[in-house]
Structures are given as C-alpha cells and as structure tokens.
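Written out below as structure tokens is the structure these notes cover.
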C-alpha cells in the first residue's frame with residue numbers, strides 16, 4: 001500500500017511542468033486581474049506647487065525683513081518676496097531707482113536706501129508701495145525730492161544729498177507725514193518754495209540744519225512741535241516767521257548768525273519749552289521770556305550778551321504762575337556774572353539750572 005502511494009506522488013510530480021525562475025515584474029503582471037490595482041503598490045505622487053520667490057542672492061530674509069545692505073549692489077535686486085515689510089538696501093552702489101524696481105511690494109512699510117549713489121528716481125518708482133510709511137534716502141546724490149511719493153508716508157529722511165530745491169508740489173497729498181529731515185543739503189532760502197510744508201496737516205518735526213538758508217522758511221504748518229534750523233546762516237528771527245506755530249515745543253536755532261530776535265516772536269509760540277540760540281551773535285537776551293508760561297530750557301551761551309536785566313527771564317514779583325527753568329546757559333558771553341542781580345533768576349528753583357561762566 002505504501003509503495004502504491006509513493007508511486008502516485010512521484011507520478012504527479014513528473015506530470016508538472018518544468019520550474020521557471022520569475023522576476024518581480026512577472027508577479028506584477030499576474031496581479032493585474034486580481035482586483036488589486038497597481039496604484040496601491042505605487043501611490044500617486046501629488047503635484048508640487050511652484051515655490052514663491054526666494055530670498056535674493058546674498059541677501060538675508062527673515063520674518064518679512066529683507067536685508068541686502070553692504071553688498072556692493074549696483075541696482076535693486078529682482079524677485080523680492082511680495083510679503084516684504086522692511087527692505088534694507090543701504091551702503092551699496094545703486095545709482096538709479098527705476099519703475100518696476102519695487103513691483104508687487106504692496107506690503108512694504110519701510111524702505112532704506114541710505115548711503116548709495118542715487119541721483120535719479122523715476123516718477124513712478126514708488127507707485128506700487130501703497131503701504132509705505134518710512135522712506136530713508138540720506139547720503140545719496142539727489143538734487144530734488146522724489147515725485148509722487150506714497151500718500152501713506154509718515155517719515156522722510158533725505159539729509160546729506162545735493163538738494164537745492166524744495167517744491168510745494170512734491171508734498172501735495174502727503175497728509176500722514178510726521179517727520180521731514182532735510183539737513184546737510186546745499187539749500188538756499190530761495191530754493192524753498194513759500195508754503196512748501198504747509199499742506200502736511202500732521203507734520204510734527206522738521207529739520208533743515210547745516211544748509212545755506214538765511215531766513216526761517218515761511219508758511220510752516222501749525223501742527224509743528226519741533227523745528228530744528230541749527231547750523232545755517234540765519235541772521236534774524238522775524239515775528240512773522242513764527243506766526244501760527246501754537247504747538248511748537250522745541251526751537252533749534254543754534255550755530256547761526258542771529259543778532260536779533262524781534263519783539264513778539266516768542267509770543268507766537270505760546271507752548272514753547274526749549275529754545276536753543278547758543279553760538280550766535282546776540283547782544284541781549286531775547287524779549288518775551290519772562291512772559292512765557294511754559295519755557296523751561298534756554299541756551300544762550302557763546303553769544304555777545306554784555307548785560308542781563310532783572311526781568312529778562314522771570315516776571316515781576318515772586319508769586320507768579322510760570323514753569324520753573326530747568327536749564328539756562330549763559331557762559332561764554334561778555335557779561336560779568338557778578339553784575340547780575342540776585343533776583344534775576346527768582347523763578348529758578350534749582351541753582352544748578354543756571355550756567356554762568358567767564359567770557360573767553
């Protein structure tokens with residue numbers, strides 16, 4: 001019986017076809033009709049969406065800040081990320097700003113172009129920058145202010161250029177402007193159009209220092225709180241030039257050639273707190289200080305003041321409602337300090353606030 005069973009098994013094996021070596025592809029073909037689709041073996045790879053603009057070559061990008069400073073660039077990099085909020089291009093060799101240089105930068109808030117070689121800006125270069133608030137163009141070679149600046153602009157700094165003209169039209173519609181810095185330019189009084197700054201209703205700070213202007217610009221906006229005109233060639237302070245500046249708190253006129261301040265000038269600035277008239281050619285203390293309610297700091301050192309009256313700084317009497325002086329400088333004037341009456345500074349409650357010294 002065992003022999004019969006063994007014989008049948010051997011016969012069955014001998015009837016089978018010869019063994020064939022199969023590859024992986026052969027087994028895959030056999031599975032085609034098994035109800036298992038090939039996609040279950042090789043899942044479909046989803047399409048990769050194209051990447052957005054990458055950081056420009058050699059620049060650094062982080063948290064919407066693109067820093068391309070100190071790279072020797074001769075033009076604005078292309079393909080800047082559209083979500084850029086701050087673009088720093090200072091300390092390069094850019095010579096011109098062209099239309100399209102800032103296309104798609106609708107979210108840009110701050111543009112820094114300090115210390116380049118920019119001499120030309122196309123009229124429509126800043127048109128795409130519909131949210132720009134701060135524009136820094138200092139230390140370039142501009143001869144005029146750029147046209148068609150964004151209406152959203154709040155701060156403009158253009159000191160150390162070659163600007164000789166300030167036209168009223170360049171500031172038209174800039175109702176959000178707060179700060180304008182124009183110092184160290186070859187400006188003359190004739191180059192500033194009358195009322196050039198008047199249309200900027202929120203303007204709070206103007207600095208036109210170290211230029212060639214000989215008079216205080218006319219038609220300044222009443223919103224001003226700080227006016228810095230130090231280091232110019234102004235010879236006189238006219239009452240009319242300060243008319244309407246009711247909010248002015250700080251007036252800088254040091255390092256000029258001022259020999260006189262018209263009576264009534266300070267009355268036009270009723271909220272003035274600081275007056276800098278040091279390093280001029282004054283021969284007497286400006287009138288109106290005693291009647292000024294809020295003024296606290298008066299710098300008059302390095303002038304030609306030879307006498308000080310007992311009522312030059314404080315109103316008559318002791319029971320007066322006036323802010324106390326925190327700083328009065330009179331050193332380096334020909335006045336002899338021992339000739340000043342003791343009651344002259346009766347409204348000064350801190351002795352160290354008054355600085356006197358020998359004339360050199």
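From the backbone N, Cα and C atoms, a Cβ is placed for every residue, glycine too.
As recorded in Swiss-Prot:
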| type | residues | note |
| --- | --- | --- |
| SIGNAL | 1-16 | signal peptide |
| DISULFID | 55-61 | disulfide bond |
| DISULFID | 59-68 | disulfide bond |
| REPEAT | 119-142 | repeat 'LRR 3' |
| REPEAT | 188-213 | repeat 'LRR 6' |
| REPEAT | 259-282 | repeat 'LRR 9' |
| REPEAT | 306-335 | repeat 'LRR 11' |
| DISULFID | 314-347 | disulfide bond |
| REPEAT | 336-360 | repeat 'LRR 12' |
**Request:** For each of the disulfide-bonded residues (55, 61, 314), count the other CB atoms lying within 10 A of its CB, then report the residue with the highest count.
**Result:** 314
**Asked** Among 68, 347, all listed as disulfide-bonded residues, which has the most CB atoms within 10 Å of its CB?
**Response** 68
**Message:** What are the sequence-distant neighbours of residue 59 (disulfide bond), meaning same chain, six or more residues apart, C-beta distance under 8 angstroms?
**Reply:** 66, 67, 68, 71, 77
**Message:** Please report the Cα separation of residue 61 (disulfide bond) and residue 347 (disulfide bond) in Å, rounded to an integer.
**Reply:** 56
**Asked** Looking only at residues six or more beyond either end of the repeat 'LRR 11' (306-335), which have a C-beta under 8 A from one in the stretch?
**Response** 273, 278, 283-285, 289-300, 341, 343-350, 353-360
**Message:** Rounded to a whole angstrom, what is the C-alpha distance between residue 347 (disulfide bond) and residue 55 (disulfide bond)?
**Reply:** 61
